[in-house]
Amino acid sequence: FSPAVFPLSCVVQNYSWGKVGLESEVAKLVASGDPLVQIQPDQPYAELWMGAHPRGDALIRDNRIPQKTLGQWIADNPACLGAKVKDTFQGQLPFLFKVLSVNTALSVQAHPNKELAAKLHAQFPEHYPDANHKPEMAIALTPFEGMCGFRPVEEIVSFLQNVPELRALIGEVAAEQLERSGSDDPRGVSAALRVCFTRLMKSEKKFFVDQLNMLVKRISQEAAEGKDTSGSNGDLLLRLHSQYPGDIGCFTIYFLNLVRLEPGEALFLGANEPHAYLHGDCVEIMACSDNTVRAGLTPKFIDVLTLCEMLNYTPAPSSSKIFPAAQSQLDPHVYLYDPPVPDFTIMRIEIPASIKLYLISAMDSASILLVIQGTAVGTSTAAASEMSLQRGSVLFISANESISLHLSSPDGMLLFRACCLL
């Protein structure tokens, strides 16, 4: 007998933008999932990687299994993925599941589509490590803030008129072109937006640092006098400037939507969608890739030309960026986040306290289950023994296997399950 359902011990990434110590949801989950772990109070806990990525391959917590990591186990047991997934994704788990705890902003970035990814990887393998696309989806665990997609043109025009430092960087010709572009000509709008954003991102370093300093000084003075600085997006500007002083990314707040998610709300980021996470905790799922084209709010390699070329310059309101969950037809406790890409789907499973026995149903795909709240004992014909589940537990479930949960918590359970529904 070889177990096909087993607990995982997952890799933490301590990136500098993460929340520190037990303020981090990542740290809290890790600490409750494994009481032996010591959380360092001054260390950032940015990401928890639940998957088989070579830079963060999960360890198997079952001593009856000879393989040490999930990646090794899948390589030796590819049928666990499910027949369709195995064939479509060449025997690889097609997604990486994560928890993120964001304290300071992540870089302004976008992810290439498959065609561009292949080209970038061939030309610059040191910056673009693979040839895959990288759509991703984030679901808020705590109130979550990010920037995503281009704002409606009237909002950008209003900033161009209220923020002279921004207008100076873009130049009068490009600013007027955007102001004149009419809603009856979406291609004209996108072309004007591309010109404006490219002018901003390619402006001379000394010039934009001077303009940024002038802007920060002006807004700081206005704020100190008790004036309303919202016409210049003052609060966010000062916050990002304090995190990344002198960074061109500070000006992107005038072009990109600010999106606020409540717990359970989601953001889907398709190819070429500019975005930057700003603050909060979320679960995230993405296609297995590390391809990121960055342009600001970062000390890392930035590739402004590629970014400005590839972006989707379609303006849309921030409300349109929130991706809806659909309640499952088969099980009212399951909410599906099923994006328009084949690589991944997430299920949010909310089990009320009144239910004492719940079946995590079998499906035609391998899946990874994360417990956010509640406790249960899990049993499965494919597991070596009973598994005790609590906040922070992570389970790998092979295709076509199910788990019975015997709930023992007074408040029910909240779980997220990542899978691939082909």
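We count from 1, first residue shown onward.
Cβ coordinates come from backbone N, Cα and C, glycine included.
What TrEMBL lists as domain 'Phosphomannose isomerase type I catalytic' is 5-153. Sequence annotations record features per position, and here TrEMBL assigns Zn(2+) binding site to GLN109, HIS111, GLU136, HIS275. Per TrEMBL, the feature domain 'Phosphomannose isomerase type I helical insertion' maps to 169-256. Taken from TrEMBL, the feature active site covers ARG294. What TrEMBL records for 336-376 is domain 'Phosphomannose isomerase type I C-terminal'.
Neighbour counts were taken as the number of other C-beta atoms within 10 angstroms of each residue's C-beta; across the binding-site residues HIS111, HIS275, the minimum falls on HIS275. Cα to Cα, ARG294 (active site) and HIS275 (Zn(2+) binding site) are separated by 10 Å. In the structure as shown, the Cβ atom of GLU136 (Zn(2+) binding site) sits within 10 Å of 23 other Cβ atoms. Sequence-distant contacts (6 or more apart, same chain, Cβ under 8 Å) of GLN109 (Zn(2+) binding site) comprise PRO274, HIS275, ALA276, THR292, VAL293, ARG294, ALA295, THR298, LEU307. A Cβ within 8 Å of the Cβ centre of GLN109, HIS111, GLU136, HIS275, the residues given for Zn(2+), is found for these other residues of the same chain: ALA110, LYS134, LEU269, GLU273, THR292. For the domain 'Phosphomannose isomerase type I catalytic' (5-153), the DSSP counts in helix, strand and coil order read 40 helix, 43 strand, 66 coil.
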